[in-house]
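Structure record follows, encoded as structure tokens.
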Amino acid sequence: MFLFNILVLHGPNLNLLGLREPGIYGSVTLDNINRLLKQEAEAIGVKISISQSNHEGVLVDLIHSSSEQHQGILINAGAYTHTSVAIRDAISGINIPTVEVHLSNIYSREEFRHHSFIAPVAIGQISGFGSQSYLLGLKAIVNYLKNRGD
């Protein structure tokens with residue numbers, strides 16, 4: 001039996017990892033990241049459900065439906081981090097702990113990337129560690145869920 005079920009959401013253009021701007025995002029593919037996440041989830045005894053979409057409404061719908069089966073959300077909303085009030089409001093409206101992750105350090109990049117609509121409604125944000133950002137985020141959300149009653 002799994003301790004928790006975590007929803008992992010990848011936003012727009014993350015399906016192009018390994019091809020898109022490797023100087024910023026590295027050579028790792030989304031399949032590589034998903035494989036690492038599945039291995040880590042198994043090692044720590046949690047179940048993960050993984051989805052990627054380039055469409056804001058699809059991500060909002062996935063967040064809305066997560067309250068029925070997930071205890072936490074790990075999200076890299078990609079460019080929607082900086083533009084989507086809809087994703088921010090969806091997270092705010094479901095009362096499920098959420099960790100925001102980014103491969104690159106969004107604060108060392110272009111000025112328009114410095115603002116996150118998601119960070120204020122997330123329990124935390126991890127950025128700048130490449131694919132490790134996802135693994136750190138998964139560990140963080142699970143640790144939070146285990147200890148939130150303390």
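Using the three backbone atoms N, Cα and C, a Cβ is placed for every residue, glycine included.
If you look up Swiss-Prot, you'll see TYR25 marked as active site, proton acceptor.
Its own atom aside, the Cβ of HIS102 (active site, proton donor) has 25 Cβ atoms within 10 angstroms in the protein chains shown. The active site, proton donor annotation in Swiss-Prot covers HIS102 and is backed by sequence analysis.
Feature annotation from Swiss-Prot assigns substrate binding site to ASN76, HIS82, ASP89, LEU103, SER104, ARG113; the stated evidence is sequence analysis. In sequence order, LEU9, HIS10, GLY11, LEU14, GLU100, VAL101, HIS102, LEU103, SER133, TYR134 are the residues near ASN76 (substrate binding site), counting only same-chain partners six or more apart with C-beta under 8 A.
According to Swiss-Prot, the feature site 'Transition state stabilizer' maps to ARG20.
The DSSP secondary structure for SER104 (substrate binding site) is coil.
Around the Cβ of LEU103 (substrate binding site), the number of neighbouring Cβ atoms within 10 Å comes to 22.
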